[in-house]
Amino acid sequence: MADVVDATPPRRSFRELMLGNYDFKYLCMPVFPYARKGRTQAPPRFFGTYEFLGLVVALVMGLQHALAMVGGLITPPLLISNLAFGTRPGTNTPYSSGNPADTQRYLVQASLIVCGIMTFFQVLGARIRGTPYQFGAGILSCMGVSFTTVPIATSVISVLMKEQGHTFEQAYGIFLGTVAACAVIPVFLSFIPIRIIKKVFPPIVCGVTIMLIGVHLIGAGFKNWGGGAFCADNWQHPPSPRACFLPATYPNGTSYLAPNSCWVGPGVLCGDKTKTEVFLPFGAQQYIGLGFLVFVTIIILEIFGSPFMRNASVILALLFGYMIATCVSWEGKKYVITDKIDTAPVITFLWTTTFPLGFYAPAVIPLCIVFIITSIETVGDTAATMEASRLPTDGEDGTRRIKGALLNDGISGIFSALATSLPLTTFAQNNGVIALTNVASRQAGFAAAFWLFLLGILGKVGAWITTIPESVLGGMTTFLFANVIASGIKIIINGDPLTRRSRFILACSLALAFGVELVPQWATLNLWPVTPDMNSAVRGIRDAIILVISTSFTCGAVTALILNLIIPKDQGAPGSLKQLDTGDSVDVSGSGHSDLPPIQAKMDAYPSSSSLPVKQASGIADKAIVVGGTLVYVSPSSSRPSTPSSHPSTPPPAPSAPPAPSSTSPRPPSPAPVAAPPALAPPTAPPLSQLPGPEDPSAFSRPQSPAAGASRTSWPGSRPQSPANAGSDPRRPVMESVESWTLRIPGRQSSSKVLPVVDSV
């Protein structure tokens with residue numbers, strides 16, 4: 001159901017217009033978790049999507065979102081622009097046709113400006129007249145530069161510069177033109193039913209890809225941590241001629257890398273003379289210490305910081321490391337010099353530096369894979385933001401918002417390429433900010449867009465970012481890239497329990513991907529060599545295939561996608577995924593599970609006044625639990641027949657208030673078999689506030705028979721509870737062994753839910 005906004009807002013005082021009524025003490029007060037002794041400060045009240053915040057509150061909340069994102073926003077352009085520094089092998093010819101420092105500053109600022117513009121449209125969620133679609137999600141969801149394009153951009157730009165002799169500006173422009181052409185994929189996907197997209201690209205495929213992207217990028221973070229990428233690749237060798245590959249051309253015009261001999265000087269020292277006076281070998285103690293200071297600061301802020309400091313921990317740690325680097329020196333030399341800041345313009349904008357657009361066909365397939373993966377990620381991130389904003393994730397309104405976010409992703413990819421920036425995607429960092437601050441108002445999203453745009457047009461800010469020492473930047477980026485790995489693992493675990501089939505797919509894809517990551521020459525040297533008679537069409541196909549299999553995450557993604565399509569699904573395997581509609585059930589008989597793991601209920605996702613219909617199975621009362629934020633009812637299944645001599649043919653009806661199990665009281669004998677009760681009409685569940693919580697062991701136990709002293713061993717497939725386990729920690733209630741369990745979803749929404757059965761309960 002579409003949101004309804006009051007067209008006549010109430011009159012507010014000047015103080016309320018400016019300051020609002022938010023609890024800033026909660027936001028800014030540091031915490032000391034080891035001295036709280038279980039006492040926690042209650043968070044402020046929740047501010048919904050369309051609630052009023054006040055100017056100051058909106059600006060503060062928007063600043064939090066901007067600071068939570070800015071570390072991730074500046075990293076991709078910094079990594080890509082590092083390719084402009086350096087010279088061609090065997091010569092002193094620079095890769096860049098201009099000043100690489102100015103190019104780096106511009107790329108950073110262009111990324112911030114584009115992110116601010118597209119975040120505004122993402123939060124706005126403008127309806128497209130005459131259609132059921134909208135442009136943007138219309139919630140507090142921010143846009144950021146995607147990490148997934150960095151490995152492809154690095155590979156493509158390096159090939160174009162080293163093999164085909166292009167300058168950095170030309171190679172970057174060719175890559176941007178290819179991105180603009182491939183960015184139509186999210187636009188196309190926004191008009192396809194989401195269930196079809198998830199079926200072709202399940203969590204096992206997306207999770208593997210995202211995890212491998214982090215694995216690939218974390219090497220760049222460690223290189224910066226040790227002093228810089230260039231000195232990391234040339235850190236130690238004697239001055240001598242070395243075998244190298246230089247660009248050459250066959251008589252028919254085909255370019256290739258020809259073996260040659262290059263005179264290489266001694267190991268280079270780390271440092272850029274435009275930003276520092278200190279030049280040390282790679283891995284020097286000083287560099288490691290500065291990066292470690294940033295990394296430890298992030299950990300300390302996560303433990304002791306206030307909600308504001310935890311939300312902005314990455315950028316605050318970066319600022320702290322930068323401050324320390326500016327205050328200390330080595331042998332009288334400064335780690336940071338500010339010449340770039342002094343010469344930078346005060347105000348800048350897009351297109352003050354331009355790059356000639358082109359097209360590189362071999363990059364089409366890898367970029368298509370990247371945009372498909374980012375689209376799936378956008379679906380999950382937008383749904384997570386809607387849950388954090390306490391909005392329904394399904395139904396007409398939820399589907400429209402998710403498709404609007406996909407459409408915004410595609411338009412953002414095209415616009416960002418034309419605006420000389422790397423492609424954007426929906427960021428997930430702001431979900432944590434919403435959870436900590438209890439503010440999901442769109443006003444905070446508009447304020448975040450304002451802050452990003454402001455940081456982008458201020459030329460001094462971009463110049464300051466380019467003066468950050470590589471080691472300080474490396475301590476931050478290593479943490480960010482490790483978060484990418486953790487996000488991929490989370491997608492795999494939450495979306496697809498590790499059955500034998502999924503483990504097999506995971507093992508095969510990781511085997512090839514990790515192998516290519518560790519030994520990239522496995523696919524680049526002699527697998528498909530370039531020959532003099534190779535025409536341009538074959539060369540393009542060859543380059544595309546080599547690029548796919550020599551990039552770890554594309555190789556792993558293609559492997560996982562193919563195996564997921566050809567390996568049949570074992571429906572009887574425990575933990576297999578099922579598409580469950582309202583009121584459907586899944587029989588996992590013979591799964592071998594002796595119990596179900598403990599549940600942490602999340603009742604705050606549902607209004608306390610709502611009531612939901614409850615299904616019953618042959619008279620056995622269901623018990624309410626929450627699985628992954630979805631209200632689910634668990635009951636023993638009676639579908640498996642049993643012999644009359646040992647078990648009754650049908651379980652007895654349940655009482656209205658079943659007693660909790662006791663480990664000390666003796667079990668009375670089983671009653672005689674009774675006839676099956678008549679079919680019961682689905683009753684209405686009580687309000688959620690009256691449902692048993694996670695600390696009530698009876699909430700996860702099956703009810704006893706209405707006969708006095710009835711034994712639960714009379715139910716099919718059950719056995720007595722072990723006395724050793726009885727009476728254990730009430731937060732981890734032990735459930736009896738059953739051969740069959742049934743998961744039931746109440747009719748909360750009309751659309752279906754995807755739930756992992758048993759393993760993820």
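Cβ from N, Cα, C; glycine included.
Note: TrEMBL annotation is automatic and uncurated.
Per TrEMBL, the features are as follows:
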type	residues	note
COMPBIAS	582-595	compositional bias 'Low complexity'
COMPBIAS	635-648	compositional bias 'Low complexity'
COMPBIAS	649-686	compositional bias 'Pro residues'
COMPBIAS	711-725	compositional bias 'Polar residues'
REGION	578-613	region 'Disordered'
REGION	635-739	region 'Disordered'
TRANSMEM	52-74	transmembrane segment
TRANSMEM	106-125	transmembrane segment
TRANSMEM	137-160	transmembrane segment
TRANSMEM	172-192	transmembrane segment
TRANSMEM	204-222	transmembrane segment
TRANSMEM	287-305	transmembrane segment
TRANSMEM	312-332	transmembrane segment
TRANSMEM	359-380	transmembrane segment
TRANSMEM	444-465	transmembrane segment
TRANSMEM	471-492	transmembrane segment
TRANSMEM	504-524	transmembrane segment
TRANSMEM	544-567	transmembrane segment
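Of the Cβ pairs linking the transmembrane segment (471-492) with the transmembrane segment (106-125) and spaced 6 or more residues apart, fewer than 3 are under 8 Å, so the two regions do not touch. Counting only same-chain residues 6+ beyond the ends of the transmembrane segment (359-380), those with a CB under 8 A from a CB of the stretch are 146, 148-149, 152, 156, 160, 174-175, 177-179, 181-183, 185-186, 189, 194, 197-198, 201, 206, 209-210, 402, 405-406, 409-410, 413, 423, 425-426, 428, 491, 540-541, 543-544, 546-548, 551, 554, 557-558. Stretch with the largest number of CB pairs closer than 8 A to the transmembrane segment (444-465), among 52-74, 287-305, 544-567: 52-74.
Sequence-distant contacts of the transmembrane segment (287-305), counting only residues of its own chain at least 6 positions beyond either end whose CB sits under 8 Å from a CB of the stretch, comprise 30-33, 224-227, 270, 280, 313-314, 316-318, 320-321, 324-325, 335, 469-472, 474-476, 478-479.
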